[in-house]
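Features reported for this protein in TrEMBL:
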- 1-25: region 'Disordered' (REGION)
- 41-299: domain 'Protein kinase' (DOMAIN)
- LYS70: ATP binding site (BINDING)
- 342-377: domain 'EF-hand' (DOMAIN)
- 378-413: domain 'EF-hand' (DOMAIN)
- 414-439: domain 'EF-hand' (DOMAIN)
Amino acid sequence: MGGCLSKIPGSSKPAAARQQQPPKLDDAILGKPYEDVRLHYTIGKELGKGAFAVTYLCTENSTGLQFACKSISKKKIVAAYEKDDVRREIEIMRHLSGQPNIVQFKGAYEDRHSVHIVMELCAGGELFDRIIAKGHYSERDAASVFRVIMNVVNVCHSKGVMHRDLKPENFLFTTRDENAVLKATDFGLSVFFEEGKVFRDLVGSAYYVAPEVLRRRYGKEADIWSTGVILYILLCGVPPFWAETEKGIFEEIYKGEIDFQTDPWPIISSSAKELVRRMLTQNPKRRITAAQVLEHPWLKESGEASDKPIDTAVLFRMKQFRAMNKLKKLALKVIVENLPTEEIQMLKEKFTEMDTDKSGALSYGELKAGLAKLGSTLREVDVKQYMQAADIDGNGTIDYIEFITATMQRHKLERFEHLDKAFQYFDKDNDRLVSCSKM
């Protein structure tokens, strides 16, 4: 959704003169001759950046319509399975295009440097931001939003696609208008499936991952679990399985104990709670299907979902949950900046060894090569996940502070004196309180 990915190289030559010589098809990831995306689109400002791709605003030359262009550096997709991943993402987007609540695929292009995926622009913001901004919130509002999400899952499953990374951040509104359409995005981890086929890749996001995924033996039912987690958050503002560490979150998921006692659950309808239970059933074979969810009395239009406002604390908790991960990473960064040199000397030396171009930041290639040199047996997919987790500011590289934060033993970072130092950083006026304005 490697090295700091640069913008698409500009050129003063006319577009027609920038056409590239056709590659050998063996070298082309998309299996067709190179085609300059700028022959069809004017590339504009950067919209977002990850470890492996940059998304730009682009304007279609022939119509003036705006789209999003996801540019994936070919330096990051060298292994055969990585090339397969890119081809599969494009194939799945094309396969699902035309569905009302799924981002529309426009086209795919490849040049010597990158693969470019052009798609519908969703500039209306994330799901939770819209809910929080609205203020008034009821079970019926939650059901209306969740109906859209489950329609997406049902369409995907009926077309033989498992999303594998369903979370609120991957649902965006098309515009900022009040009647904007909610769309599912980011099919980078999605796969085609056949009934009965077992998948073993550990993918997804910690709060939303199903127990069978952690056991590395799962099918499409894992998507239902993830959406069950989303529904739980929509109704109370926090995830059902909560801990301070990823390991702790996974342990809670294995336990599967769902809290229906804490506010606002006593005032949430029994029908809503029953649906959550059926979606978060530990045994995937007994878990409700997407089609069955859509037929549930609580979810149907004019169904059992109440229009009575839910406690406004739910919106507050939802807002807190959205901000929590960013704050936690920033606090860890502050701690690392204030650690005594002797505590991090060895890690500092490792970082310097890995930083072969002396840029002060590790590219994906440097990280992969450095870990291999240290004797790591991590698969490339695991290195990618490490890169994404460590890249706090999302600029596509890991700087020194991010590296120390990601690799130092957490118990050392969480000593009281270090936590107090981080608190002092945010407590600008020394009143022992941290407010939003101070952040």
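Glycine is treated like the rest: Cβ placed from N, Cα and C.
For the domain 'EF-hand' (342-377), DSSP puts the residue distribution at 23 helix, 2 strand, 11 coil. When secondary structure is read from DSSP and collapsed to three states, LYS70 (ATP binding site) falls in the strand class. For LYS70 (ATP binding site), applying a Cβ distance below 8 Å and a minimum sequence separation of six or more within one chain yields ALA53, VAL54, THR55, HIS116, ILE117, VAL118, MET119.
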